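Notes follow once the structure below has been shown.
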Amino acid sequence: MKPDAHHVKQFLLRLQDDICQKLSAVDGANFVEDSWRREAGGGGRSRVLRNGGIFEQAGVNFSHVHGDAMPASATAHRPELAGRSFEAMGVSLVVHPHNPYIPTSHANVRFFIAEKPGADPVWWFGGGLDLTPYYGFEEDAVHWHRTARDLCQPFGDNVYPRYKKWCDDYFFLKHRNEQRGIGGLFFDDLNTPDFDHCFAFMQAVGNGYTEAYLPIVERRKAMVWGERERNFQLYRRGRYVEFNLVWDRGTLFGLQTGGRTESILMSMPPLVRWEYDWQPEAGSPEAALSEFIQVRDWI
């Protein structure tokens, strides 16, 4: 079937609405919407919830950009795309809670198509979801990964193991030699066996995010925390910033295509701290995190 970018866009707009509504229902605060246009073509709508009852900052961004030439970040590993016009659309979100016992979560789903006269379009889907805890709870990790596995199951037994490994490999801070969190799913360049199958999988990932995350929020939101936990949360948020600015391909793509900087950097935590050569106290809950985020089979 010929790729149908219009249907993908309509799903993404509905997905943004659905996720924002569910996050607001849990938090009690509302999102503020900021619609924007891109001079070179396209635009989007960024929605941010700040200083809510549970979420310090939650950003859910929809973007749809297009142009006459591919950016360098996209053609570096796909040289056959040079000289093609392109459309890129997606929903990307990051949620940073107040409570350090609630993990930070990230998800995104996206569609890309590049065309030129006289040639078949080149298209693919990408996306995923991943979880970044500050204090590890095994039941939360198991729930997160079980939900990820279950949404993959209709598409084949090998889908979850493959995309879990890809997620573990992708969200790795090489300069720190550590994982960003406990992973989840990551996929890119998905265009087989056909458009309908790939689109259905992308929808399953997008719709699965709130099923994976919100039960964890409900389970942890009443836990009492203090200055010690907050300081550790801010310190670990530094790793999040480092990954996004140094390693994340999506951030690089957005900046290279003249995307909207405020929306691209919306994933950044509102507060963060670095401390030179800080080490957690041996045997402490903070020290346990480094072991908790090691790659493993959670289910």
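Just so you know, glycine gets a Cβ as well, placed from its N, Cα and C.
These come from Swiss-Prot:
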type     : residues                                              : note
ACT_SITE : His106                                                : active site, proton donor
BINDING  : Ser92, Asn108, Val109, Arg110, Gly258, Gly259, Arg260 : substrate binding site
BINDING  : His96, His106, His145, His175                         : divalent metal cation binding site
REGION   : 240-275                                               : region 'Important for dimerization'
SITE     : His175                                                : site 'Important for dimerization'
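Distribution of Swiss-Prot features across the structure.
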{"residue": "Ser92", "record": "substrate binding site", "CB count, 10 Å": "25"}
{"residue": "His96", "record": "divalent metal cation binding site", "CB count, 10 Å": "25"}
{"residue": "His106", "record": "active site, proton donor", "CB count, 10 Å": "24"}
{"residue": "Asn108", "record": "substrate binding site", "CB count, 10 Å": "21"}
{"residue": "Val109", "record": "substrate binding site", "CB count, 10 Å": "27"}
{"residue": "Arg110", "record": "substrate binding site", "CB count, 10 Å": "22"}
{"residue": "His145", "record": "divalent metal cation binding site", "CB count, 10 Å": "22"}
{"residue": "His175", "record": "divalent metal cation binding site", "CB count, 10 Å": "9"}
{"residue": "Gly259", "record": "substrate binding site", "CB count, 10 Å": "22"}
{"residue": "Arg260", "record": "substrate binding site", "CB count, 10 Å": "21"}
Provide the three-state secondary structure of His175 (divalent metal cation binding site) computed with DSSP.
-> coil
DSSP composition of the region 'Important for dimerization' (240-275), residue counts helix/strand/coil, works out to 22 helix, 0 strand, 14 coil
Rounded to the nearest angstrom, how far is the Cα of His106 (active site, proton donor) from the Cα of His96 (divalent metal cation binding site)?
-> 9
Mean pLDDT over the region 'Important for dimerization' (240-275): what is the value?
-> 88
Out of His106, His145, His175, point to the one nearest Gly259 (substrate binding site) in space (Cα versus Cα); all of them are recorded positions in the record.
-> His106
Residues Ser92, Asn108, Val109, Arg110, Gly258, Gly259, Arg260 [recorded substrate binders]: greatest CA to CA distance in Å | 20
